[in-house]
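Features reported for this protein in TrEMBL:
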- 35-42, ARG87, 114-117, 141-142, 214-215: substrate binding site (BINDING)
- HIS36: active site, tele-phosphohistidine intermediate (ACT_SITE)
- GLU114: active site, proton donor/acceptor (ACT_SITE)
- HIS213: site 'Transition state stabilizer' (SITE)
Amino acid sequence: MQLLGIRWCVIRHYSCCKPKENHNKMVKYRLILLRHGEGAWNKENRFCSWVDQKLSRDGVKEAQNCGRHLKSLGFEFDLVFTSILSRSIQTAWHVLEEMGQEWVPTEASWRLNERHYGALIGLNRAEMALNHGEEQVKRWRRSYDVTPPPITEAHPYYHEIYSDRRYSHCDVPLEKLPKAESLKEVLDRLLPYWNERIAPEVKRGKTVLISAHGNSTRALLKHLENISDEAIVNVTLPTGIPVLLELDENLRPLGQHRFLGDQEVIQAAIKKVEDQGKATPVVKK
Ligand SMILES: O=C(OP(=O)(O)O)[C@H](O)COP(=O)(O)O
């Protein structure tokens with residue numbers, strides 16, 4: 001039996017918490033959000049943001065595992081949305097390939113790009129914590145309305161970013177693209193795309209995968225789950241782990257988002273991301 005693009009028999013076997021019968025009756029739409037697999041700069045603990053790093057070898061494996069897991073759960077996607085950064089696009093490719101769903105249409109928008117980290121781009125988080133303190137690094141990384149200092153032309157990655165052809169194909173002129181963003185500003189640029197492009201497809205009954213980034217996904221979760229400015233500070237997303245959101249007919253969430261997979265492994269991966277902002281050097285895998 002098919003329900004919302006997912007085999008019903010498999011839905012009952014979600015390992016983390018089995019949904020109750022009433023809950024299932026209210027669920028109208030299921031949406032999968034995904035932070036791309038590990039990129040080269042995730043490994044090096046540097047703020048990557050709008051620098052177009054590709055997936056690391058481990059990141060490719062994460063994306064493939066994610067695809068296998070989603071396939072085992074019976075997901076059948078109708079539409080995939082990505083950012084215009086390679087790591088989110090490559091992740092979508094690997095997920096779809098593992099699922100045997102390479103034919104599914106994909107659409108890329110800068111509005112799903114990672115948060116623009118401004119002058120912090122390229123810097124190492126652990127070194128930043130040593131120089132500025134862990135609290136300041138946490139404020140920069142996780143606060144809702146703190147904007148880092150803007151990127152300037154003197155920044156080593158300024159020209160690489162703004163002379164990239166992809167940014168002349170956006171729905172805003174080059175000079176209007178951000179030079180730094182708070183999470184709030186990410187939500188401001190992402191929301192029109194959600195409202196005008198993604199939400200209507202979900203409401204049409206399409207099973208949608210959004211393959212994006214840590215902070216663009218946090219911004220969307222904040223909006224959809226109405227997470228407070230204070231509580232969003234504690235939401236951290238590991239790479240390559242699918243996040244399930246179950247929504248009612250008005251796209252209101254039914255219960256909290258759920259990370260799909262081994263919960264112990266996922267908690268360890270979340271802690272690893274949080275620890276990237278600690279002053280002690282991070283041990284590489
Ligand atoms: O590029 C980034 O995110 P991404 O790996 O999800 O694309 C950011 O540097 C994430 O950094 P953060 O976890 O300190 O917010």
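Backbone N, Cα and C atoms are what each Cβ position is placed from, and that goes for glycine too.
Reported as a whole number, the C-alpha separation between ARG35 (substrate binding site) and HIS213 (site 'Transition state stabilizer') equals 4 Å. Around TYR117 (substrate binding site), the same-chain residues six or more apart in sequence whose CB sits under 8 Å from its CB are PHE47, SER49, TRP50, TRP140, PRO148, ALA180, GLU181, listed in sequence order. Calculated from their C-alpha atoms, the gap between TRP41 (substrate binding site) and HIS213 (site 'Transition state stabilizer') amounts to 13 Å. Distance from the CA of HIS213 (site 'Transition state stabilizer') to the CA of GLU114 (substrate binding site) is 5 Å. Annotation for GLY214 (substrate binding site): spatial neighbours ARG35, GLU114, THR236, LEU237, THR239, VAL273, criterion Cβ-Cβ under 8 Å with sequence separation of six or more. When secondary structure is read from DSSP and collapsed to three states, GLY214 (substrate binding site) falls in the helix class. Between the alpha carbons (Cα) of HIS213 (site 'Transition state stabilizer') and GLU38 (substrate binding site) lies a span of roughly 10 Å. For the residue listed as 'active site, tele-phosphohistidine intermediate', applying a Cβ distance below 8 Å and a minimum sequence separation of six or more within one chain yields LEU55, GLY59, ALA63, LEU85, ARG87, SER88, GLN90, THR91, SER211, ALA212, HIS213, THR239, GLY240. Of all Cβ atoms in the shown protein chains, 27 besides its own fall within 10 Å of the Cβ of HIS213 (site 'Transition state stabilizer'). Taking each of the binding-site residues GLU38, TRP41 in turn and counting other Cβ atoms within 10 Å of its Cβ gives the largest count for GLU38. DSSP classifies TRP41 (substrate binding site) as helix under the three-state reduction.
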